[in-house]
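Undergrad: Once you've had a glance at the structure underneath, I'll fire off some questions.
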Amino acid sequence: MGGLEEIKNEAVDLENIPIEEVFEQLKCTREGLSSEEGNRRIEMFGPNKLEEKKESKILKFLGFMWNPLSWVMEMAAIMAIALANGGGKPPDWEDFVGIIVLLVINSTISFIEENNAGNAAAALMANLAPKTKVLRDGRWGEQEAAILVPGDIISIKLGDIVPADARLLEGDPLKIDQSALTGESLPVTKNPGDEVFSGSTCKQGEIEAVVIATGVHTFFGKAAHLVDSTNQVGHFQTVLTAIGNFCICSIAVGIVIEIIVMFPIQHRAYRSGIENLLVLLIGGIPIAMPTVLSVTMAIGSHKLSQQGAITKRMTAIEEMAGMDVLCSDKTGTLTLNKLSVDKNLVEVFTKGVDKDHVLLLAARASRTENQDAIDAAMVGMLADPKEARAGIREVHFLPFNPVDKRTALTYIDADGNWHRASKGAPEQILTLCNCKEDVKRKVHAVIDKYAERGLRSLAVARQEVPEKSKESAGGPWQFVGLLPLFDPPRHDSAETIRKALHLGVNVKMITGDQLAIGKETGRRLGMGTNMYPSSALLGQNKDASLEALPVDELIEKADGFAGVFPEHKYEIVKRLQEKKHIVGMTGDGVNDAPALKKADIGIAVADATDAARSASDIVLTEPGLSVIISAVLTSRCIFQRMKNYTIYAVSITIRIVLGFLLIALIWKYDFSPFMVLIIAILNDGTIMTISKDRVKPSPLPDSWKLKEIFATGIVLGSYLALMTVIFFWAMHKTDFFTDKFGVRSIRNSEHEMMSALYLQVSIVSQALIFVTRSRSWSFIERPGLLLVTAFMLAQLVATFLAVYANWGFARIKGIGWGWAGVIWLYSIVFYFPLDIFKFFIRFVLSGRAWDNLLENKIAFTTKKDYGREEREAQWATAQRTLHGLQPPEVASNTLFNDKSSYRELSEIAEQAKRRAEIARLRELNTLKGHVESVVKLKGLDIDTIQQNYTV
């Protein structure tokens, strides 16, 4: 192992010595390492990953006490012992200890929850750890990149992120994108023997390589500290700061008013003045806000991961809740990505060749292992997959790349003659074969015929290679035939797209296929056929006829785009964002990375390449669109909880500051800071459960409407403050409660008034959460069991304190059950108007007519599914108008008012569509006369056939 020590200390220049010497120095062969040798070397070189900075748990815990809201509380704690020290009384130790306890409780909850969420996320991310193909014990297998050691043989192909620094072995040159490391925007060509760096992306080609450096010894590992590690302040952070600042400013205004009135005007005692200021500071600060919101997000992201969507960035959840446009890849997301070939429709262009031979050539130009979807479909068409290589010797395989858009195999037949077979995009193959105009016309006619049925075309060509070498150009290429490929839609795609529209998310299909195929898939999925070829709108060769049209508007209104190149995806996202949309983009390939990064929510679909995963915000672990839609719903629930809480926090700040300010200044009554602390601690306990509360997701895309949050908070908070002031006046200055309810008068007992006031503030402060958490009447929308239990427990504690506690230091004395009952009754009566205030604010802010507000399925709606059917009808009419179709003759209102007739109408339409489809099938030449017999022979159901296949 002496030589390996030198390598570990980087004494050997493995980058530049000849490749044979690399094997000597690394003591390995082209057959790779054994597992034992691999384990031995891992102990020596360490795992192939960058060392993560271990965060100190104590510092992390203390970090939760380091934010503007906590600073205000810490200032209050210092005030309690440093300033509250006059008037012949000792420092206020009770309040000091209480504040510290409150801070510790908050930090502990944040710390535990974030830790749990972090562990869950780490476990999930481990499943997504970069994988690599490595040769161990003489066998190729997919392993985690972390196990690589110098001397391993790895395979690198299109879309892979290179897992370690390596030297390339024999094969075709690779195109490598090193922009992540060097900033070069263009891919560089790497020839056999060259070094490739860890972290760069393979853009073209496929080759084997020998690992020369791993982990911290790689070029990437050494430069890792230079890599961009800026933490961009998310939108969420900005909102948090804005709400925190609003609360702090409200308290500051209250304190300034108190100081001006109490000392120069009323000449109050120093100590009681300081205590009044402490009441505002302790009661007004929503100290639990960062905790509640981060816990809600952490629990939410865990829930999302259980549904198959892993969030890499917590704040992507709030963007997901506000997403109103989803650009979805067609292949694999809307469709199954399981291609099949319709053998009857294969077109042959060369004399003396039959359909079976065309299929055989296509299978030869495919991989037999490590296949992509098209390779698998071609080889799968043969009776036995081994036929693809039967009787021939493979010389060289050219893998698919986005530039040539074809694959090719050079092989030697049984007689020793050399041939090449190639399959790929028809345009590329036509150019390759240098076909005459009439052949091109015929090919295009067949492609169009396929496309009308939603079939993609694949062209096959062959050539002789008389020079008998893999580098030679060979003889002229012959265009052999065209194959129709069909990728059936997923069974749930159509239903999911309908769901998305109900949720206010517009799904746009993005496909590299021709326009006709895009439209056919759109028609099958019921998402509309208003599609454009993206090159006509965006590329260099824009369509002159579309020049005059507003491109941005066309992009906004389109149902999808066909013939899309990766750079168009980026452009589409950018244009939609300029139109103020929040855009989600799905992607899987290495070339989708820029668009995924640009989109508000980049979604890497299941089986995406490493490059796409690293650029995305959310990684899906299951295929299909339905995962995305359920993630949208979950995100909206999470967002709803956070929004409910922020409205609550603002209301409570206003209610405490205004209520206690008025009582202190009008009646010169000093409330005990310790009792405000008790209210704050009990409130926090209850509020923590909101992260698991049962909520209805918003029926439309949701966003932080700060105006609504502040307006609602100010109105509800002021109303509650007024209720408290009126209650205090009735108890302190009148005999109202004594006369009406027969309770004894406590107007002269300051300590009993303290208990009564404490209970009144405590009940309504916490009951307010039920108002802010609901979109309609708070007593109709059922809250989560946890929230109700926490509320009941906290109020039991508060009531028992008010009834029995006799604490001299807190200046409270028990008031008995009679008064407790009266206070509960008072609180319940004045609770009901809160909902009406809530609706009123929403009405004023929405700026819409009252009926429209009702229609917007908020507050009073009794409609099933929030009036979904009317929305469907409105949407259908809008779509017809958009596509220039006449609205139905019948007065649509009467149609859609009656639910049963709406259903009936749908059924009639379905049947009509089915009849038309059967008629069309019968008309097709291929089926004249045999439709029924073919169907019966194969034991198929004609209805299912036309939903899934174009026969």
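Cβ coordinates are placed from backbone N, Cα and C, and glycine is handled just like the others.
Residues or ranges marked as transmembrane segment in Swiss-Prot: 61-81, 93-113, 243-263, 277-297, 647-667, 671-691, 709-729, 752-772, 785-805, 814-834. As annotated by Swiss-Prot, active site, 4-aspartylphosphate intermediate applies to ASP329. Annotation source Swiss-Prot lists Mg(2+) binding site at ASP588, ASP592.
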Undergrad: Using Cβ distances below 8 Å and needing 3 or more such pairs, separated by at least 6 in sequence, tell me whether the transmembrane segment (647-667) contacts the transmembrane segment (752-772).
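TA: In contact, yes.
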Undergrad: At the level of the C-alpha atoms, what whole-angstrom distance separates ASP592 (Mg(2+) binding site) and the residue listed as 'active site, 4-aspartylphosphate intermediate'?
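TA: With distance taken Cα to Cα, the residue listed as 'active site, 4-aspartylphosphate intermediate' is 10 Å from ASP592 (Mg(2+) binding site).
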Undergrad: Give the distance between the Cα atoms of the residue listed as 'active site, 4-aspartylphosphate intermediate' and ASP588 (Mg(2+) binding site), rounded to the nearest whole Å.
TA: 9
Undergrad: How about long-range neighbours of the transmembrane segment (61-81): same chain, 6 or more residues beyond its ends, C-beta under 8 Å?
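TA: That would be 91-93, 95-96, 99-100, 102-103, 106-108, 110-111, 241, 244-245, 247-248, 251, 274, 277-278, 281-282, 285-287, 289-291, 673.
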Undergrad: Sorted by position, what residues of the same chain at least six away from ASP588 (Mg(2+) binding site) have a C-beta under 8 A from it?
TA: ASP329, GLY332, ALA604, VAL605, ASP607, ALA608, THR609, ALA612
Undergrad: Per DSSP, ASP592 (Mg(2+) binding site) is which: helix, strand or coil?
TA: helix
Undergrad: Among all the protein chains here, how many other CB atoms are within 10 A of the CB of the residue listed as 'active site, 4-aspartylphosphate intermediate'?
TA: 25
Undergrad: Within 10 Å of the Cβ of ASP592 (Mg(2+) binding site), how many other Cβ atoms can be counted across all chains shown?
TA: 27
Undergrad: Which residues of the chain, 6 or more past the ends of the transmembrane segment (709-729), have a CB below 8 A from one of its CBs?
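TA: Residues 243, 246, 643, 646-647, 649-659, 662-663, 666-667, 669, 753, 757, 760-761, 764-765, 768, 771-772, 823, 826, 830, 833-834, 837-838, 840-841, 844-845 contact the transmembrane segment (709-729) from elsewhere in the chain.
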Undergrad: What residues elsewhere in the chain lie close to the transmembrane segment (93-113), defined as a C-beta under 8 angstroms and at least 6 residues from its ends?
TA: 60-62, 64-65, 70, 73-74, 76-77, 80-81, 84, 278, 282, 287-288, 290-291, 294-295, 298-299, 673-674, 677-678, 680-681, 684, 688, 691, 809-810
